[in-house]
Amino acid sequence: MKRTHLFIAGLYLLASCRAEEGLNFPTYDGKDRVVSLTEKNFKQVLKKYDVLCLYYHESVSSDKVAQKQFQLKEIVLELVAQVLEHKDIGFVMVDAKKEAKLAKKLGFDEEGSLYVLKGDRTIEFDGEFAADVLVEFLLDLIEDPVEIINSKLEVQAFERIEDQIKLIGFFKSEESEYYKAFEEAAEHFQPYIKFFATFDKGVAKKLSLKMNEVDFYEPFMDEPIAIPDKPYTEEELVEFVKEHQRPTLRRLRPEDMFETWEDDLNGIHIVAFAERSDPDGYEFLEILKQVARDNTDNPDLSIVWIDPDDFPLLVAYWEKTFKIDLFKPQIGVVNVTDADSVWMEIPDDDDLPTAEELEDWIEDVLSGKINTEDDDNEEGDDGDDDEDDDDDDGNNSDEESNDDSDDDDE
């Protein structure tokens with residue numbers, strides 16, 4: 001009887017827990033919201049939505065692993081479509097083989113990519129194919145390209161954004177032709193780069209902005225760069241941002257991780273791992289910031305900072321690939337072609353390198369004194385020796401064969 005009472009009490013508690021509302025994570029409800037895009041329905045679908053999210057994929061083969069991988073991607077898209085159902089966003093898939101003509105028309109050339117059509121723009125998503133990352137990316141994309149700052153509290157919030165590129169301009173009003181040019185320029189980089197503006201003289205004074213002036217903030221830098229030759233056209237602003245788009249120190253973010261990784265310097269990245277929430281990681285990041293600030297004018301220097309907390313699924317892979325321990329800060333040089341790497345020796349967490357020691361190590365990397373090819377050369381030498389041995393063996397075999405032939409002739 002006692003067990004029966006406990007069982008009933010357990011069921012009651014379980015029912016009570018399920019009745020709680022407010023923290024229900026979405027699960028796929030089974031409804032199909034993602035459709036296949038074809039030449040026939042393209043115009044109809046395009047008219048229906050302000051924003052269209054397209055997954056361009058290779059034809060699904062009979063291979064079971066490939067089918068599973070495709071189904072996982074499809075479920076992610078279905079869940080994102082479900083979560084954003086109240087927004088004016090459409091979700092479609094384009095088969096590379098069946099719809100080759102349509103793909104060519106849309107300019108799609110990379111199978112497995114996700115593209116977003118918004119107005120006359122095509123934005124390629126270069127981030128982690130995960131539901132939460134995609135939802136945040138799309139929500140940022142449908143917002144206004146420029147965020148307006150009206151108060152000192154909003155200035156404080158603006159100043160706290162330190163780990164990404166941001167721009168802010170001071171204009172007379174939203175009707176100003178120079179603000180409109182700024183807004184048009186912002187659309188080129190949305191949602192990856194944040195554009196802010198103010199029409200408030202008090203805010204402009206606090207930020208040391210002059211009328212029609214735009215300041216460019218590089219990540220982790222104390223002072224902005226005032227874009228020269230104001231007022232600017234849309235084209236001038238776009239050109240300036242593109243020229244300064246590779247910061248001295250940049251954070252690897254889930255929403256644009258592949259774009260950042262592909263933006264290497266001569267085939268290598270200087271990579272730093274540091275957990276911001278960890279005291280040693282925080283200290284190491286502060287040292288990295290100091291090095292970046294002291295070397296911000298060096299066009300050959302760009303450090304990619306990775307917080308392992310942002311990529312829990314990749315930690316084991318990185319530790320195995322780079323042969324490092326990510327429970328402590330690390331900095332190394334990585335070859336993006338084959339993932340060969342060389343890492344600075346950091347004895348322990350209590351003996352982190354100083355900014356000067358870090359600069360000396362980085363100088364050795366940039367000069368080529370420290371590089372990822374040394375091990376390859378050693379392995380290559382071993383390989384050459386083996387090849388020579390093989391050649392010798394091969395020659396001996398030929399000689400033996402010739403001897404055998406002579407014997408047969410006799």
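From the backbone N, Cα and C atoms, a Cβ is placed for every residue, glycine too.
On a predicted model such as this, the values are computed, not experimentally measured, just so you know.
Under the heading signal peptide, Swiss-Prot lists 1-19.
For 221-242, the entry in Swiss-Prot reads region 'Calcium regulated hydrophobic site'. Confidence across the region 'Calcium regulated hydrophobic site' (221-242), taken as the mean pLDDT and rounded to a whole number, stands at 96.
Secondary structure from DSSP puts Y282 (phosphotyrosine) in a helix. Annotation source Swiss-Prot lists phosphotyrosine at Y282.
Other C-beta atoms found within 10 angstroms of the C-beta of N335 (N-linked glycosylation site) number 17, with every protein chain shown included. The DSSP secondary structure for N335 (N-linked glycosylation site) is strand. Taken from Swiss-Prot, the feature N-linked glycosylation site applies to N335 (among others).
As annotated by Swiss-Prot, region 'Disordered' applies to 364-410.
Here Swiss-Prot flags 373-410 as compositional bias 'Acidic residues'.
Under the heading N-linked glycosylation site, Swiss-Prot lists N395 (among others).
Marked as phosphoserine by Swiss-Prot: S397 (among others).
The feature phosphoserine is assigned by Swiss-Prot to S401 (among others), with experimental evidence given as support.
Annotation source Swiss-Prot lists phosphoserine at S405 (among others).
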Express the distance between the Cα positions of N335 (N-linked glycosylation site) and Y282 (phosphotyrosine) as a whole number of Å. 26
